[in-house]
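Visitor: To start, I am sharing the structure in question, which I have written as structure tokens.
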């Protein structure tokens, strides 16, 4: 759909500046979730705090970071992307400063939650912003670059957290976060232009339609008053005829007076308020489609593995290998660099396969084509997950552990980059809501995974459980692979059925313009031609809004 100042027509330089800003903000999200880990012991001694209280500060951070994007995405669909970035980064910066100056664990937990809410917005609507800027043909590679940043964050977090804790104390970690997020906030303030265009947003179109319906109801209510005015003018006209030719000229003025007194109702530009934002209605539309449900569960399992493998590896390297926090961070860099490589290469491969399949299909593409790029990683990833667990169990040389971590990171993001691009491509007009829903699935999955794994390791022998624990995770990765294959095969039919279902639901709703019957309550006079023109004008405006929404659906069905 054509839009004014289309972000997809921007210069490559401006697009890449936006990509760099979004990636830097997303890396902060990854840093904040894990940078606290090396400072846990120092926090317990200084605050003081128990291990369970520190665990809550980590688990709640993961959960809120996954759930908060639903609200951010709803706001971004009507208020724009830029305001969400600025507000969320401000919240994160202030939260980091308060945590750095906290003297109690309660204050730390509370404002770690604020940090989570602030950091989640950039990562949640970043994919939607890239969808605003880049065409589907190049979206996979850009998604890969973008997603590499938050994947590198958790790995760098251990190194940075250990170094900052040794150089200062645990408070230095959060002062560092406040400085980085503040710098990122300034970058967005100076260099980021809003990419949101309401013509491409189904959420805005829904709000617009609601406002136009209200205007139509107001026009109907004014009908009775209009007929009263018409009757008065007709009475005046009859009286004027009896006055003679001397007043005939005055009589000729009445039609013009009628046009002045019965004005076409103004249709001002719709001003959307927060009361118009319902964060849950768009989410319900997302999860009603089976292709979305399956890919969201697959994505959630993939992401929860990323959290568990870094957290679990940190504990195992400290207890079994006797590594310091800084050395653990260096080992985890292997996983982070593997994630970066898989995200970038997998994203480019995703674009290549999409272009290849589109050309073979007479230049007609559909979102499920992109998932075929995951076929390389799907069969191997679960095998390497299980292999990593048993290698760590056997306490082999650390070089083997680093190699297995790198391969696991490579294949996990190879697959995840394509699933994230698919979620965006398969939900035209709702991309930010779809990505936010994906973040919610990921956050809940990571929260559950972390809360289950840690108590098991505390209660039982960690080294003995390590092999079987990652064997279970390998089985979960097989389930994730099966869900992706299912969407690859049946996703197109599910998606088409979802579109048809939504169209039928719209048609069943009573359209105000279609139900208008002008029947004056106190007058037998028919509606004036001008009033009919007023009604027709409002009706055309409402139907135009509806047509735009149907056009979005049509574009979605025929990519």
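The backbone N, Cα and C atoms fix where each Cβ goes, glycine too.
Below are the features listed in TrEMBL for this protein:
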TRANSMEM  17-34  transmembrane segment
DOMAIN    18-492  domain 'Major facilitator superfamily (MFS) profile'
TRANSMEM  54-72  transmembrane segment
TRANSMEM  84-110  transmembrane segment
TRANSMEM  116-134  transmembrane segment
TRANSMEM  146-167  transmembrane segment
TRANSMEM  173-192  transmembrane segment
REGION    235-256  region 'Disordered'
COMPBIAS  236-256  compositional bias 'Basic and acidic residues'
TRANSMEM  293-311  transmembrane segment
TRANSMEM  323-350  transmembrane segment
TRANSMEM  371-391  transmembrane segment
TRANSMEM  397-423  transmembrane segment
TRANSMEM  435-460  transmembrane segment
TRANSMEM  466-487  transmembrane segment
Visitor: For the domain 'Major facilitator superfamily (MFS) profile' (18-492), would you mind checking the mean pLDDT of the predicted model?
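Guide: Over the domain 'Major facilitator superfamily (MFS) profile' (18-492), the predicted model scores a mean pLDDT of 79.
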Visitor: Who are the chain neighbours of the transmembrane segment (54-72) in space, where the CB to CB distance is under 8 Å and they lie at least 6 residues beyond its ends?
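Guide: Beyond its ends, the transmembrane segment (54-72) has Cβ neighbours at 29, 32-33, 36-37, 40, 43-44, 84, 88, 105, 108-109, 112-113, 115-117, 119-121, 123-125, 279-280, 283, 307, 433, 435-437, 439-444, 446-447, 450-451, 454.
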Visitor: Hey, would you say the transmembrane segment (466-487) packs against the transmembrane segment (84-110), going by three or more CB pairs under 8 A that are 6+ residues apart?
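Guide: Contact between the transmembrane segment (466-487) and the transmembrane segment (84-110): absent.
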Visitor: For the transmembrane segment (116-134), what are the same-chain contacts with Cβ under 8 Å, counting residues 6+ beyond its ends?
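Guide: Same-chain residues near the transmembrane segment (116-134) but 6 or more away: 7-8, 10, 15, 18-19, 22-23, 25-26, 28-30, 32-33, 60-66, 68-69, 72-73, 76, 81, 84-85, 87-93, 95, 142-143, 146, 150, 181, 195-197, 200, 420, 423-424, 431-432, 434-436, 439.
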